[in-house]
Amino acid sequence: MAGIIRIYRNDWRNVFKVPTAVLLIAALVVLPSIYDWVNVAAVWDPYSNTSGIKIAVASLDEGASVDNKSFNIGEEVLESLHHNKSLGWTFVDAEQARYGVQRGDYYASVVISKDFSSKMAGILEGRLNKPEVEYTVNEKINAIAPKITAKGASSITAQISEHFTATLSETVLTALGRIDRQFQSELPVIRRVEKGLFLLEDNLPEIEAAGKTVLKIHQDWPQIHQSAERLATLEQKLPEVEKAGTAIETVDDHWPQINEAAGHLTELESKLPELERAAKLVSGLDEHFDDVAGVLDKASVDMENGRKIVDAAIKALPQADKIAAAGSAFGQQLQQFIEKNNAALAAIPPVIKQNLYLLEQTENAVSQLAEGLKAGTIETAAALSALNANLTRLAAGKNVLDRTISLLNSLDKLSSGNVLAAEIQALDGIRDQFADQSALAGSLASALEAGGEPDAGKIQQLSTGAGQGSTALGRLISRFESHTLPAIQSALQPLTAAAQDAATRLQQVPEQLPALAAILQDAAAAIQYGQEGLTALQKDLPAIRAAVHTSAAGIADKMQRFSTFVRDVLPRIQQGLPGAGQRIHEAADFARHDLPAVEQKVRKAADLIRTGLPKADKGVERAAELVRDDLPLLEAAIRKAAATIRQIKQEVNLEQIADLLGGDIKSKSDFLANPVILKENKLYPIPNYGSAMTPFYVVLSIWVGGTLLISLLRTSVETGGIIYKSYQLYFGRLLTFLTVGILQALVAALGNIYILNCYVADKLWFVLFAMLISIVFVTIVFTFVSVFGNIGKGIAIVFMVLQFSSSGGTFPISTTGPFFQALNPFMPFTYAISLLREAVGGILPEVAIRDALYLVGFGLIALVLALTLKKPLERFIHKAAEQAEKSKLIS
């Protein structure tokens, strides 16, 4: 970050040192805004000045007469146009109109033909000849003017049609008024017929439903007949039903004994855990019986080894007297050795501390090498050499750690309480780090020797491991004086005292030798006893194995089934017994009290079926024939009559005809001429065209400003001998460009608001949105040039041309070609113009947030492209630039 700020600060220092540079930056800030202001002022309110568009108007109409009334529609049109100021209507003769349009004196001409009125009146006499209005436009003069003049010509034809419709409808409605009185006298009769027929039609669904029910019964009658016969045969099953009832009564009588027997089953559940544990013990013993044999074999071997050791000790007892005699002299020599070599022992702590410093330096060197490999600032040969050197240092450091750990372990054994355990554990971890780093460094060196690129993941692991090792060594060094040194000294201190104590104890050994002989004799006897017991147990082992295996065979499956019964089936039996008893009791009561009456009803129903079923068959057949043959004809006749009346009512609404014939003819004539009133609602109103076009020109000027920046300012940075990383060079100069771009956006936005007085609903957001758009646009064009060089300038210009046509800034995007419509969602202009329109017309939050997020997304894409492509393409772009400079024309 410091490098980026330094580049940015140096840029502005260099600018303010040169007055010409200050003037150039000021011009770059203002020039895009001038482009914006001039264009907005030029299109401020073009549609309020259409009265200057001259259209020649001439009428050749000779007029016509109807019912002794004369009229001339052409003259009426010219009279109405005298009061119309929307266009520059110029009243001339037909020849002058044609000549003036041809020369360009008029944008268009409108000439009404001489038979215009007579053809319009021909409809009253049955002649349908459409009159003509000759419209001539000179499209060479201007691209937009023909569209405006065409709208004016259309308004003339609409005005003529409206006037003619009003006149004609008034005449026709006057004639129809005479029919009203005759029609009113017939209405009551029509209403009575209509009401009766519709009432009959309303009842048709009920008739249809009854007919469908009859047909359904007829269709299902074979099944009904068969079911009735089965009901009759039920009488034959009554003896079996009586036997079942008697059985249920017997169960109900003995139910208390059944319930008591079920109660005893609960005792099994309390014994289940003990049975399961016993089964598991038998199965486990069977599975691990080989381990028992192994344990016995090992115990036998251990007994034999113990016996040999005890025998050897007993044999060595005669020599113990000689050793005891020499013990006193040995203790005195040991004490003299410690006193003479005390200085050597005192030198151990400084040496250990010095080694820790050296190990820390090794980790720091490895960490620096890893950072250089990550940044890519080290050449391949230098990197390979440094890796090999550090491999040597890591190997040497690991050897030092091995010796240091061994030394501290020895000292820790001399002390009481493991005072050096923390240091030993920390050094063990550091030794593992050294081993891992050696492996990683060797892998990276092998990759470089093979001509490949080092693995970024391994470089990161090497950097992380070296950092952790350096941190751990630093902690050991920081606590060396306060903890490690006193611990080492406390471990060395007891050596002198231990020598004196050893001499004293060696003098007491002869006194203990008789007791030791007795202990060894007892141990030998115990070992012999143990060996005899093990031998006997090994002989019986096959028989024990067979017995255990026989007991364990099948016990698991049987125990599983028994557990399932006790845990799952037994609770359900206990839970279901009360309900089952209740249902059996109810069934027994039914068999005792209700079953005789049911049997009597079944016999009566069977007798009724045998005597009445044939008559029912004939009745169902007759009803089905009536529904199938006669009912459809009746329904069709009723529906046809109702449909005919309904169609007449739909085509001829009697009430409306009566109202139309007897109503106000003049007002209805006016309604026919003008049936629709247009109610206009302006949402987010903008008072003039210039303000509406401000978003487009502001966005365009911001992109133009960015293009000027990359054309006049350098994207490369003079480092002055300072080594910067690629991303620092990119972001440092980008900040300079962004500063100028933001100033451009501020000047453009504030100028539109306060110089041109453009309408802006949310002024603050307008300025902030313009600054955001400038940041995104400058980032995009700067990235083009920074990554692609001069090619990037061309890309920026092509990008601007494509966005100009595909952003929908002037005409709706739906009016453009498919290619530009396909580009529209992917152009930054689309969302930038939409965002500024929100500020001009009034902000809808969800639209503004969407547009802002899209713009930020374009900016982030540009940054990602710069950070990923700048370094890989840098060498290629540099070579391309050198080749271009050889042309002596391209910089």
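Cβ atoms here come from the backbone N, Cα and C positions, even for glycine.
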- Query: Do you know which of 301-326, 535-560, 795-820 TrEMBL annotates as transmembrane segment?
  - Reply: 795-820
- Message: Need one number: mean pLDDT over the coiled coil (224-278).
- Response: 66
- Query: Taking residues 6+ outside the transmembrane segment (734-755), which of them lie with a CB under 8 Å of any CB in it?
  - Reply: 4, 7-8, 11-12, 25, 28-30, 32-33, 36-37, 40, 694, 698, 701-702, 705-706, 709-710, 713, 763, 766-767, 770-771, 773-775, 777-779, 782, 786
- Same-chain Cβ contacts of the transmembrane segment (21-44) under 8 Å, 6 or more residues past its ends? 14-15, 688-690, 693-694, 697-698, 700-702, 704-705, 708-709, 712-713, 740, 743-744, 747-748, 751-752, 755-756, 758
- Query: What parts of the chain pack near the transmembrane segment (852-869), using Cβ distances under 8 Å and only residues at least 6 beyond its ends?
  - Reply: 727, 730, 769, 772-773, 775-776, 779-780, 783, 786-787, 828, 831-832, 835
